[in-house]
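These features come from Swiss-Prot:
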- 12-18, 40-42, Arg306, 332-334, 414-416: GTP binding site (BINDING)
- Asp13, Glu14, Gly15, Lys16, Asn38, Ala39, Gly40, His41, Thr130, Arg144, Gln225, Thr240, Arg304: IMP binding site (BINDING)
- Asp13, Gly40: Mg(2+) binding site (BINDING)
- Asp13: active site, proton acceptor (ACT_SITE)
- His41: active site, proton donor (ACT_SITE)
- Ser300, Thr301, Thr302, Gly303, Arg304, Pro305, Arg306: substrate binding site (BINDING)
Amino acid sequence: MANVVVIGAQWGDEGKGKVVDIYTEFADDVVRYQGGNNAGHTLVVGDEKVILHLIPSGILHEGKRCVIGNGVVLDPEVFIMEITKLKANGYLKDDKMLLLSEALHIIMPYHKRIDIAREKKSGSKKIGTTGRGIGPAYEDKIGRRGIRLMDLLDEKAFTRKVKEVLEEKNLILTQLLGEQPFTFEEIYEEYMKYAETLRKYAADTSLILHQEIKAGKSLLFEGAQGTLLDVDHGTYPYVTSSSTCSGGACTGSGVSPREIHEVIGISKAYATRVGSGPFPTELEDETGEQLRQAGREFGSTTGRPRRTGWYDALVARYAVRINGLSGIAITKLDVLSGQETVKVCTAYNYKGQVLTEVPASLEVMELCTPIYEELPGWNEDITGAKSMAELPKNARDYVARVEELSGAPVVLVSVGPRRDETIVLRNPFQLD
């Protein structure tokens with residue numbers, strides 16, 4: 001029995017979905033603990049491409065229970081669309097295998113309208129929000145004005161709480177943002193329909209997960225976004241609104257930290273970022289475009305082209321420290337095939353000063369330029385490699401150097417998008 005947290009060790013989009021899909025084989029329950037449908041996990045199963053935004057990747061494995069924890073903000077419309085599509089494709093044959101925490105917060109229509117309107121007004125200072133209402137929903141959660149799933153399922157509580165908050169939301173929409181207001185009736189009619197579907201999935205998931213652990217079951221916690229997008233530890237304010245780091249697995253699920261055995265950080269063999277914010281190793285040249293095209297670096301949620309850059313060892317070390325990583329999974333190593341040389345950022349130059357750690361100040365990080373170590377590349381197609389020995393020497397040397405600079409052992413190397421295009425060096429579910 002082991003309980004494992006999988007988190008993004010960069011700025012999100014690291015390939016967590018594929019790694020979670022592989023690890024799900026060894027878990028009994030897969031838990032999503034933060035974020036909302038601003039995240040997108042792309043999985044390739046056989047010849048089928050599946051994109052999930054809310055439901056844990058474990059849903060593609062029969063017999064695995066999937067849990068959406070209290071730390072998630074849920075858009076009922078998106079959730080229902082996702083389960084409908086999954087069922088149409090032969091997945092989720094038993095509704096009891098998908099649970100929603102009664103304590104999770106619901107994304108309301110005013111959250112989405114406020115989110116989009118604020119971003120429009122921001123002009124050049126845009127954060128890069130997906131416009132899906134995630135941030136405003138978390139604002140209401142912290143401000144104690146949120147609507148939880150348990151409220152949605154209680155008609156009287158829902159009516160009272162929405163009426164209490166709607167006057168304020170309409171003032172913000174009309175007076176500050178120049179947008180149309182909502183009537184209570186339109187929200188009530190729409191969300192009571194959602195309640196009928198969501199009711200069958202609602203549960204005290206913290207208690208159920210506790211019971212699973214006591215019964216000797218293994219849990220896999222599936223993070224969304226990445227360490228540098230964490231609301232506390234990321235490049236604030238260019239962050240998401242939730243706790244993307246490993247600590248969020250406990251607060252977002254109701255599982256004790258004492259029950260976590262392994263934390264695996266997922267990191268691309270290079271780096272990407274979506275939206276605004278500092279990105280020291282960004283490549284705005286032909287090489288950056290080559291990586292974008294070879295890696296198909298376009299957001300699964302927004303379709304936006306991702307910013308690309310070389311691997312940043314400072315970011316990796318930061319992720320190891322903040323999350324307590326016991327291992328790193330390197331994804332998309334195959335994307336680097338064909339590069340004459342590959343680079344790793346080993347330090348930053350800040351006004352002539354050499355920095356070996358990620359600076360706390362956003363203003364400092366924005367002025368940092370990378371100091372690179374250059375390694376020889378490789379031309380071979382590595383997608384068929386089943387072991388490290390089958391990789392070209394230069395590819396092996398690159399992985400070894402990344403491991404050395406990051407400060408945590410590499411436990412998995414992905415050499416292609418398919419599930420079987422993976423080299424597993426250590427299974428975190430098999431404790432020593």
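Any Cβ shown, glycine's included, is placed from N, Cα and C.
Locations of recorded Swiss-Prot features on the structure.
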residue	record	Cβ within 10 Å
Gly12	GTP binding site	28
Asp13	IMP binding site	28
Gly15	GTP binding site	22
Lys18	GTP binding site	27
Gly40	IMP binding site	19
Thr42	GTP binding site	18
Thr130	IMP binding site	23
Gln225	IMP binding site	30
Thr302	substrate binding site	17
Leu333	GTP binding site	24
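Around the Cβ of Arg304 (IMP binding site), the same chain contributes Val274, Gly275, Phe298, each under 8 angstroms and 6 or more positions distant in sequence. You'll find the Cα of Gly303 (substrate binding site) roughly 10 Å from the Cα of Thr130 (IMP binding site). For Asn38 (IMP binding site), the nearest of the binding-site residues Gly12, Gly15, Thr302, Pro305, Leu333 in terms of C-alpha separation is Thr302. In terms of Cα spacing, the binding-site residues Thr130, Gln225, Thr302, Pro305, Arg306 all stay beyond 10 Å of Thr42 (GTP binding site). Comparing C-alpha positions, Lys18 (GTP binding site) sits nearest to Gln225 among the binding-site residues Thr130, Gln225, Thr302. In three-state terms derived from DSSP, Thr42 (GTP binding site) belongs to an extended strand segment.
Counted over every protein chain shown, other Cβ atoms within 10 Å are most numerous around Pro305 among the binding-site residues Gly303, Pro305. In the shown protein chains, 22 other C-beta atoms lie within 10 A of the C-beta of Arg306 (substrate binding site). In sequence order, Leu333, Asp334, Ile382, Thr383, Gly384, Ala385, Leu391, Glu421, Thr422, Ile423 are the residues of the chain that are 6 or more apart from Val415 (GTP binding site) and have a CB within less than 8 Å of its CB. Across the structure, Gly15 (GTP binding site) and Gln225 (IMP binding site) place their CA atoms 10 angstrom apart. Secondary structure at Arg304 (IMP binding site), as computed by DSSP, is coil. Candidates Thr302, Pro305, Arg306 (binding-site residues) were compared with Gly40 (IMP binding site); those inside 10 Å Cα-Cα are Thr302. Spatial neighbours are here defined as Cα atoms within 10 angstroms of one another, and by that definition the neighbours of Arg306 (substrate binding site) among the binding-site residues Asp13, Thr130, Gln225 are Asp13.
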